[in-house]
Amino acid sequence: MKASSAAVFFAFLQIINLFNDVYGQCAWQDNAFPIIPYSYMFNADNLTLYTYGLAYGYYDIGCERGYAPDPTFGTRITCLSSGSWSMPLPICKSTGRCSVSQLTDFMGGSNGIIEIILNSSYLYTDGVDESKAMGGSNITFQCSQNSQNVGGPLTVVCNDDNNWTPFPNCISTGPIATPVPAQGRCPVNDDIWTFPNGYISSDTLPVVYSDNTTPSNITVMCTRGYQIDSLSQGAYTCHNGVWSARPYCEKTARCSLARLKDYISNPSLVSNLNVKAQQLATDMSGTDDEMLPDSYIAFDCIDPSVHTDGDLNVTCNDDGSWSRFPSCTNINAIQSTSTTTSP
């Protein structure tokens, strides 16, 4: 039997009323959106905004790096039929803050037996307190040649309890070398293997005898942001009981964080830009304004803008300069100009 048009219309009204029981119209202008610290909005295509200041539907929030949603409250914010935003609101909880100095002290005391795998390590800070690594920061180590780990996992992670996971402990397992006459060995003391901003290559770990002497030659390498001096080329050699000139790590160029901030804080330059990702690194021994080479901040253009100049991935170069800052131009403005100038 064919349903009458009146019955269909009545059913349609019922559906509309049911939908309105779930969603109402909530204020969104003048900061009327619920404020969730350390969060950003996504799934906003499920939210309709009206020009007269009311919103309809729902959206979700994500948490900035170093924070995570509290599973108790979820991530969704809904405009209820009452015209109020749903409560309780989601919460972005800190995923931890761990001491950077505790990490560097561990690395400095490893005597070169443990090394960082740089392309598998990510140390995040909030750009304000560089002494604390944000939760989720993770450093992957490896034991050098002829050594093995007898401690914690080789990947160390900053947990939400503000502590690093247990550090690894690499111990030497190499064979005992044939003794070298004492007169041909160089003295060893507690500081002999300490190279500020550098470390001993795992391929040249020294053999130390019980009288604190060694016949070994070693190679010194530098941490990120430093380079080996041109005289030694990293070679530290023992010749007839006398050490060669001690290698040292020279500071490379740095990029100014202040210059980057000046660019980002200028609305006329960045109004059509959005920050997509960033990794700004400092060596902790300089000022907060000094960013290491390869630090970067990645942008994208906000629709309907298009990339018209500069680099969307702004990177700190080896010479201490930033790559060219980008520009995004509203495509409507470009089309308007083209139309105006056409014959």
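Backbone N, Cα and C atoms are what each Cβ position is placed from, and that goes for glycine too.
Candidates considered were C238, C249. The record in TrEMBL pairs C222 in a disulfide bond with C249. In the predicted structure, the domain 'Sushi' (24-94) carries a mean pLDDT of 86. Close to C222 (disulfide bond) in the fold, though at least 6 residues off in sequence, lie N197, G198, I228, C249, E250, each with a CB less than 8 Å from its CB. Helix first, then strand, then coil: DSSP counts for the domain 'Sushi' (184-251) stand at 4 helix, 24 strand, 40 coil. Note on C249 (disulfide bond): other Cβ atoms within 10 Å of its Cβ, all shown chains, come to 20.
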